[in-house]
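Accompanying notes for the structure given below.
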Amino acid sequence: MLIVQKYGGTSMGDCERIQNVANRVAQAKKQNHSLVVVVSAMSGKTDELIGYTKSFGTLPNTREVDMVLSSGERITSALLAIALEAMGFKAISLSGRMAGILTDSVHTKARIQSIDTQYIKSLLEQDYIVVVAGFQGVDQKGAVTTLGRGGSDLSAVAIAGALQADLCEIYTDVDGVYTTDPRIEKNAKKIQKISYDEMLELASMGAKVLLNRSVELAKKWNIPLVTRSSFSLEEGTIILNEEDIMEQAIVSGIALDKNQARVSMVDVVDRPGIAAEIFGELAQANINIDMIVQTIGRDGKTDLDFTIPQSEVEEAKMALKRFENEVGLIEFDCEIAKVSIVGVGMKSHSGVASRAFKTLANENINIMMISTSEIKVSMIIDIKYAELAVRALHRAYELDK
Ligand code: ADP
Ligand code: ASP
Ligand code: MG
């Protein structure tokens, strides 16, 4: 089999752990599999590197930020190759560029455009274990790019897709996908099988065990995806098509995202085209908008609330400057959290959303914004109630049973 394995930051946390990863990779190699191993930087490394780039009193040029950030994964990929060679295996590390990963030029959140697998394939034919630095690629001009936080998952799935691998295994510090973050709710249960669509919603709503864009790609290319722990031999969670799951729970999981910010634009001049201009300007700045709520207009004015990633607040402030004359007040609130319930069963059951609202009401938690999709209900609440809300909802849908 051709297997792509990905090891996350905790799994690659220090040299002892890298040795543990090398042992696991060796196990798979001894079973005669062809192996591509994608790695993250040591846990905490990317945050540390981001910190350095902020030391000079100005918003840094994102091209330079990417040069700095991509170094974390280069270190771990080479260390793993060294460990494997020390054990007598043929192993070689590749940067994103060497692995043929071509992206657009949106630094710090680049999108993969294509992967030229020629070099990886020739190395596999020569029986190398190919270790690829995750989270990075290169643009048309040859500048190093990074794929956004958690991007090594995407590197792994994209490489698995391009190579038409038989399996993509994501090794992390939990032994699969749980009904909610096991660090928040100790009674969370491991899910054996989950559909791409539910996993995509959970990941998009904050369950960082998998990056949403990696799930999207796995679904598109039908890549068999498994998440499991690099620290145990437990079977993990299989992510697959909805049709391949026999029994569906109404609600499969609860996700929490504490990295969102709410933008409130009060007394916006209510004229045709204003929303197009505001969101056009934000799109131009590559800012990801999530929930949007516009209130009914009065006296020619309206209120517009929406959420963006906290990391994009400074860019959003700059982008919205030109609307100052048409808006009474623009406020940014980072003290919010988004709690979401996800489940394909919602399509066919009523009363699922109302139970969520009642549960939060019972805990005296005020809901500031709501948005829904066919298989999800998301609520914005005060960040100080985030964990309380997750636990209460987990109980309300009997996910601990
Ligand atoms: P890695 O560094 O291996 O990519 P991450 O920290 O990105 O690992 O993701 C793993 C973490 O995701 C877990 O430690 C866990 O706290 C968190 N997590 C959030 N939601 C879930 C969930 N529903 N199931 C499992 N883990 C979750
Ligand atoms: N090291 C990067 C991050 O911390 C990418 C990853 O771990 O997936 O976001
Ligand atoms: Mg991750």
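Cβ coordinates come from backbone N, Cα and C, glycine included.
Feature annotations, reproduced from TrEMBL:
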type	residues	note
BINDING	Lys6, Tyr7, Gly8, Gly9, Thr172, Asp173, Tyr178, Arg183, Lys208, Val209	ATP binding site
BINDING	Thr46, Glu73	substrate binding site
DOMAIN	263-344	domain 'ACT'
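Structure coloured by features recorded in TrEMBL.
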residue: Lys6; record: ATP binding site; Cβ within 10 Å: 28
residue: Gly8; record: ATP binding site; Cβ within 10 Å: 26
residue: Thr46; record: substrate binding site; Cβ within 10 Å: 24
residue: Glu73; record: substrate binding site; Cβ within 10 Å: 30
residue: Thr172; record: ATP binding site; Cβ within 10 Å: 24
residue: Tyr178; record: ATP binding site; Cβ within 10 Å: 24
residue: Lys208; record: ATP binding site; Cβ within 10 Å: 18
### Query
Would you list the DSSP helix, strand and coil counts for the residues of the domain 'ACT' (263-344)?
29 helix, 34 strand, 19 coil
### Message
Cα-Cα, whole number of Å: Gly8 (ATP binding site) versus Thr46 (substrate binding site)?
### Response
12
### Task
Please report how many Å separate the Cα atom of Tyr178 (ATP binding site) from that of Thr46 (substrate binding site), as a whole number.
25
## Note on the structure
Averaging pLDDT over all residues of the domain 'ACT' (263-344) gives 94
### Summary
Those binding-site residues among Lys6, Thr172, Tyr178, Lys208 lining ligand 2, judged by a Cβ under 6 Å from any of its atoms, are none
### Task
Please list, in sequence order, those binding-site residues from Lys6, Gly8, Thr46, Glu73 with the Cβ less than 6 Å from ligand 3.
Gly8
### Message
Near ligand 1, meaning Cβ under 6 Å from any of its atoms: which of the binding-site residues Glu73, Thr172, Lys208 fit that description?
### Response
Thr172, Lys208
### Task
Among Lys6, Tyr7, Gly8, Gly9, Thr172, Asp173, Tyr178, Arg183, Lys208, Val209, the annotated ATP contacts, find the widest CA pair distance and round it to a whole Å.
22
### Query
Is Thr46 (substrate binding site) helix, strand or coil when read with DSSP?
helix
### Query
In Å, rounded, how far does the Cα of Glu73 (substrate binding site) sit from the Cα of Thr172 (ATP binding site)?
16
### Query
Any idea what the Cα distance is from Thr172 (ATP binding site) over to Thr46 (substrate binding site), rounded to a whole Å?
16
